[in-house]
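Trainee: Dropping the structure in here first, questions after.
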Amino acid sequence: MICKLHLMILLQALLITFVACNAPPVPLDDIVIEKTSIPEECVRAVQSGDFVRYHYHGTFPDGKKFDSSYDRGSTYNVYVGKRQLIEGMDKALIGMCVNERRLVKIPPKMAYGKDGYGDTIPPNSILHFDVLLLDIWNPEDKVQIKTYYKPENCGRTIEVSDFVRYHYNGTLLDGTLFDSSHTRMRTYDTYVGIGWLIAGMDQGVLGMCVGEKRIITMPPSLGYGENGDGSDIPGQASLVFDVVLLDLHNPKDGITVEKLYVPETCQRKSKVGDFIRYHYNGTLMDGTLFDSSYSRKRTYDTYIGKGYVIAGMDEGLLGVCVGEKRRVTIPPHLAYGEEGTGTEIPGSAVLIFDIDVIDFHNPSDTVEITTFFKPSKCDILSKKGDFVKYHYNASLMDGTLIDSTHNYGKTYNVVLGSGQVVLGMDMGLKDMCIGEKRTVVIPPHLGYGERGVDGEVPGSAVLVFDIEMIDLEEGLPDGYMFVWNSDITPDLFTEMDKNLDGHVDPVEFLNYINHQVATGKGKLAPGFDVGKIIDNMFSNQDRNSDGKITADEFKLKDEETKEHDEL
């Protein structure tokens with residue numbers, strides 16, 4: 001009995017198992033969604049009424065493919081929730097994010113039902129879709145702007161009709177790069193607000209300042225619309241631009257001048273026709289250095305207002321003081337225009353110059369003399385031919401010290417008007433008395449000219465000398481190197497001819513002149529080499545250059561023609 005009962009229980013269990021294993025599948029009443037890939041960030045999810053672009057594979061439960069957007073090489077583009085899709089897909093897309101991937105199972109009643117779809121989908125088919133969402137937008141969408149960097153100083157922003165230079169990366173909403181100015185290694189240059197850009201970009205860059213970085217997202221209605229742009233931008237695609245603004249100006253702009261430093265005293269300001277020496281750093285609006293006089297270790301030297309420099313610089317250098325520092329911003333139409341200068345200065349670039357004015361002068365300038373001390377007794381004044389001794393400090397207009405006699409512990413000694421100093425110093429030393437102190441400003445055409453003195457005085461430099469007259473010895477009349485202080489001996493030639501051989505040799509001549517000077521009967525021009533003066537006097541008397549003077553050759557100064565300079 002017990003064995004029969006166990007057998008009946010075993011047979012019943014086997015029957016139940018057989019029925020369970022061979023039962024028909026439970027009907028699918030609703031879609032089943034499996035999220036196979038979810039992006040880290042989901043800025044926006046699909047809502048009813050949105051337009052979407054997505055790729056998909058469509059298969060039956062056994063894995064057999066019935067359709068694929070990938071095979072057609074284009075996304076499926078459609079509105080959600082407007083009965084443009086089968087009911088199950090309309091429902092499955094709600095809540096999806098861009099770059100999200102879903103595996104969706106759709107029952108027949110939410111797909112093609114009992115009728116199927118032609119020869120492709122049999123009646124009462126369950127459909128599987130592997131969906132990858134690439135884009136979402138809504139007809140109500142506008143341009144979206146996200147600024148992720150803005151400079152502290154934002155003095156000017158883009159307005160309609162401005163011309164701008166910017167870099168960008170252009171991507172689709174799923175991150176696919178379709179274009180980049182960086183890869184071309186040149187900015188995108190255009191006017192804003194006059195139809196040169198797609199509408200979304202025209203709107204998206206307004207209000208930007210140089211250095212600002214923005215993400216600009218636009219729907220296709222403000223981008224390339226239904227047709228897209230070639231193979232890179234599909235139709236109905238949202239566009240995302242990562243933009244950094246490098247430059248902006250307006251065709252109506254003039255230069256702008258910012259005075260960074262102005263000296264307390266400014267006796268003179270530059271004007272048209274002046275010659276100026278200045279240092280500068282030249283940068284683009286984004287701070288990129290394109291040139292610097294400092295790197296060359298020499299000033300930039302030019303005339304103002306004569307067209308030797310770009311128009312904006314010609315204007316920016318007007319009205320400056322020596323020692324002034326200013327920042328000059330120059331729009332491209334007053335600089336290097338649309339072409340630029342090759343690799344250093346791009347076309348249509350705004351230029352910024354930080355300028356330090358070293359000196360300037362005018363070709364019509366003469367020596368400027370300012371006496372800041374004069375003794376109460378100042379009767380004897382220096383003149384041409386006088387031998388003067390003076391101390392000086394020499395500097396450039398910006399105060400850079402060039403030289404000083406005080407460093408050597410001795411005066412500088414010259415004969416005025418003899419060409420021993422630059423012409424401007426000759427002029428500045430005249431009409432001084434012993435003890436007088438002056439400041440003498442010498443323009444380069446009366447100083448060391450365009451070449452200057454290598455390693456000491458820059459070319460075309462204005463020089464400033466602070467002078468103190470220490471001593472003054474009166475010179476001889478113009479044209480004389482020797483004069484008599486007493487009556488001349490009637491038989492001068494015989495006195496010189498000590499050995500009475502009928503001629504005077506160089507030694508006899510030298511000894512005689514030195515004796516006259518030593519006894520006070522004669523005077524040589526001060527400040528010159530005595531030996532050279534006497535040699536010159538002898539040569540002038542030795543008319544046939546035979547090394548001796550005869551009585552017939554010998555003549556006094558007042559008996560001589562202008563070609564000779566002697567007794």
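Glycine residues also receive a Cβ, built from the backbone N, Cα and C atoms like all the rest.
The domain 'PPIase FKBP-type' annotation in TrEMBL covers 49-137, 161-249, 273-361, 385-473. Among the features that TrEMBL reports, domain 'EF-hand' is placed at 529-564. The region 'Disordered' feature in TrEMBL is assigned to 544-567. Sequence annotations record features per position, and here TrEMBL assigns signal peptide to 1-21.
Can you tell me where each of these features sits in this structure?
Mentor: Across the domain 'PPIase FKBP-type' (49-137), DSSP helix (H, G, I), strand (E, B) and coil residues number 17 helix, 37 strand, 35 coil.
Residue counts for the domain 'PPIase FKBP-type' (161-249) under DSSP, split into helix (H, G, I), strand (E, B) and coil, are 13 helix, 37 strand, 39 coil.
Per-residue pLDDT, averaged across the domain 'PPIase FKBP-type' (273-361), gives 96.
Here the domain 'PPIase FKBP-type' (385-473) has, by DSSP, the following mix of helix, strand and coil residues: 12 helix, 37 strand, 40 coil.
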Trainee: Sort out for me which stretch, of 49-137, 161-249, 273-361, has the most Cβ pairs below 8 angstroms to the domain 'PPIase FKBP-type' (385-473).
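Mentor: Answer is 273-361, with the largest number of Cβ pairs below 8 Å.
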Trainee: What are the DSSP helix/strand/coil residue counts across the domain 'PPIase FKBP-type' (273-361)?
Mentor: 13 helix, 35 strand, 41 coil
